[in-house]
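Annotation comment: Swiss-Prot describes CYS132, HIS345, HIS349, HIS355 as Zn(2+) binding site. The topological domain 'Extracellular' annotation in Swiss-Prot covers 203-699 and is backed by sequence analysis. Residues or ranges marked as domain 'Peptidase M12B' by Swiss-Prot on the basis of sequence analysis: 210-408. Positions annotated as domain 'Disintegrin' by Swiss-Prot, on the basis of sequence analysis: 416-502. The topological domain 'Cytoplasmic' feature in Swiss-Prot is assigned to 721-955; the stated evidence is sequence analysis. The annotation compositional bias 'Polar residues' is assigned in Swiss-Prot to 753-771. Swiss-Prot lists 753-917 with the feature region 'Disordered'. Swiss-Prot lists 787-796, 833-844 with the feature compositional bias 'Pro residues'.
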Amino acid sequence: MPGGAGAARLCLLAFALQPLRPRAAREPGWTRGSEEGSPKLQHELIIPQWKTSESPVREKHPLKAELRVMAEGRELILDLEKNEQLFAPSYTETHYTSSGNPQTTTRKLEDHCFYHGTVRETELSSVTLSTCRGIRGLITVSSNLSYVIEPLPDSKGQHLIYRSEHLKPPPGNCGFEHSKPTTRDWALQFTQQTKKRPRRMKREDLNSMKYVELYLVADYLEFQKNRRDQDATKHKLIEIANYVDKFYRSLNIRIALVGLEVWTHGNMCEVSENPYSTLWSFLSWRRKLLAQKYHDNAQLITGMSFHGTTIGLAPLMAMCSVYQSGGVNMDHSENAIGVAATMAHEMGHNFGMTHDSADCCSASAADGGCIMAAATGHPFPKVFNGCNRRELDRYLQSGGGMCLSNMPDTRMLYGGRRCGNGYLEDGEECDCGEEEECNNPCCNASNCTLRPGAECAHGSCCHQCKLLAPGTLCREQARQCDLPEFCTGKSPHCPTNFYQMDGTPCEGGQAYCYNGMCLTYQEQCQQLWGPGARPAPDLCFEKVNVAGDTFGNCGKDMNGEHRKCNMRDAKCGKIQCQSSEARPLESNAVPIDTTIIMNGRQIQCRGTHVYRGPEEEGDMLDPGLVMTGTKCGYNHICFEGQCRNTSFFETEGCGKKCNGHGVCNNNQNCHCLPGWAPPFCNTPGHGGSIDSGPMPPESVGPVVAGVLVAILVLAVLMLMYYCCRQNNKLGQLKPSALPSKLRQQFSCPFRVSQNSGTGHANPTFKLQTPQGKRKVINTPEILRKPSQPPPRPPPDYLRGGSPPAPLPAHLSRAARNSPGPGSQIERTESSRRPPPSRPIPPAPNCIVSQDFSRPRPPQKALPANPVPGRRSLPRPGGASPLRPPGAGPQQSRPLAALAPKVSPREALKVKAGTRGLQGGRCRVEKTKQFMLLVVWTELPEQKPRAKHSCFLVPA
């Protein structure tokens, strides 16, 4: 049943049914009464004095005026200014005929009679008056002194003025026990934003002015209470709205009436003494009204007396909701300020405000206290406080109040057109206020025209007197369910704030958008229990909430009794969580633990219960209920305490017309993805919607940057490849063909395998240390003249069989390093070149790669037996192993040569220390350039041969 809506979280403001009306004085002078033993002024008869600032032609309701009144012997000078923003341009008035047909009229653009102002030379003062039928209103001098002024009945020009505390009603209360401050802090957790939100509202967005387009309704009993006078009834409702607008200005919120309706021939919905049934009946009627008259919030003023002390009822956090943005208020006072305080309180609940704790309100109880106090002040509260401001900010940050950013169009503002009033109206190009206060460089204040060259003067889509280009972002997407808005290029104002339609999936399909918010069980559990909490299994909800008692229920019914949850609605009752914390975050809340058996193991289900007074138990629903808009199953959402199919949102039907390329906004129009054009997202375009403006074209900057980077990388790779090819070609030339300074600088591209199993002809050729790393041998370079022919091997190189076997490593090393004359390399002074004039540059650091490929076949046919098999040669005693038997004294000469057209792979044929054929041998010496120079050593008795096999190889 709708009356038990768990997520609505209703708060009731309880006051007295009827205050004591101050007794009017029939004679001029003072009327005193006794209160607490001391005489005090009850009321005073005065005649206010008007002084206008207009031209000599006197207006009935001037734009600005000065009013002088006497109060307790003190003259108060009131500086008044007409509240020109009270009525929206679409303001209408509706009444009904005896047959029940509505009659709607648009009020003429006449001077209205509702003012705001201050007391001259008095800080923090405030004045709210109407001058339609005499002067009636509230004069606030300080936080503890205020006066009420009203016309004396049946008198011309005479008025009563008295202190506001003499309107004191019997005290009432609502909701929480406001003496416990922590209760409020816990309730605030419900309006905090989840940590996963992509983006929070900017501070300037929170501080910017918000606008509530209000629709007021007076029921049939209220009409009868005002003596069936339509004008009197309408005047009272407008006066109420004027008060509420003044109250909310301190929160940067303006109240603009878009419509007023009087039920002159019976009620249009069920109105009874039960506030619950009256509220849900009125909200149901209001949903039908939305199709005919757009508004943000609707309030019912009824002459019905509710049960007990209840005089107001409204859902919590419901502002802008299609289904719940509204409230019902009982007219419990003949003075409009009493009903205005009640309506401001109930609208505060719509804004997400809970009741004040004891330390929030600084206004004295004697002057009424604060509007959101749980108990009434004396006589009526008139101010909000810092706690209310913080609650409002949290609500806006969580996604609430999405409809409040758009300012009502003031081009046909009710109350008349005038250059200098600060509102752009028909016939005006701009309006920056009076000449002395205008500081807009784009606007001529004297005649409300744009200065030469200016295209605009106001609005977020106007920059330096020029309209911003179409597609310029003027309002960012604040959170998941919000939508961005873009300048149209035709208007200086940003389009109305739109958001995704209720029922649109969010949070990766784990939740649904509702009223601009995306709520999950996980978030609510963490708000109740702190970080780490998570929702309990579904079985916990089913076992606990079917009880229908204080600890497990689906809200309350029309009579205020706890309602059992049907199995399908169990996840919309008391929320069940799992947490390791000992108790909930709120000090007045206690854990309600239930243990169930699931799959053979125990599961702990943790709910919460907040202790409240007996009078509060029936006035406010449990805040531990699952919030409206929470996903309770596939295509199902919690709504009014029930798990309902999302089809009633009509999201699916609206989404089909977007052709899968967009989402529906709250105006049921498609907001297209980039690349598709509105209104149906079925043709190429830039995205956006007909409501939010066109999205900017996709920027080609990233594409161009990507192409340029790719071209640059490709060019670098090609340059590196070209350099390597050139190095390979230069490295394969003879050293004799290169300048001496460049011979060894191009040897880096040669590859040397570090693997003994490479498949070379001589697998014993290794350039590795025992640790598997190449060992660099540094020996002086052996130089020869460029004209000197390459050495030849001895003529008998190929005779006599194989060369002698190589020596063991330690003997070979000893023989090479022996200082004896037989091991020295002969050099002559004539063969030496002069030392270089400058040191030889170091070899470049080149990467030496491995080559595991098979060697190339020889380019020339090899002889039949180029290397005969080895045979042991006799060694006479004392003969050097490097000399053949019978040789004379050793007179060897070193010869270094690089075979023509030799490849790096062929250079590996020779191993350092290998004995040469017919007594010759190849050996390795170090050079200064870290190269291995394979040197052919010839014996003196042998003739050099034309061919050789010793090569210059890389280190």
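Using N, Cα and C of the backbone, Cβ positions are placed for all residues, glycine too.
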Counts of helix, strand and coil residues, the domain 'Disintegrin' (416-502), according to DSSP: 0 helix, 16 strand, 71 coil
Integer average pLDDT (0 to 100) for the domain 'Peptidase M12B' (210-408): 88
Coarse DSSP state, helix versus strand versus coil, of HIS349 (Zn(2+) binding site): helix
Residues that sit under 8 angstroms from CYS132 (Zn(2+) binding site) by C-beta distance, when 6+ apart in the chain: HIS112, CYS113, PHE114, HIS235
Count of other CB atoms lying within 10 Å of the CB belonging to HIS349 (Zn(2+) binding site): 28
Most Cβ neighbours inside 10 Å, all chains, among the binding-site residues HIS345, HIS355: HIS345
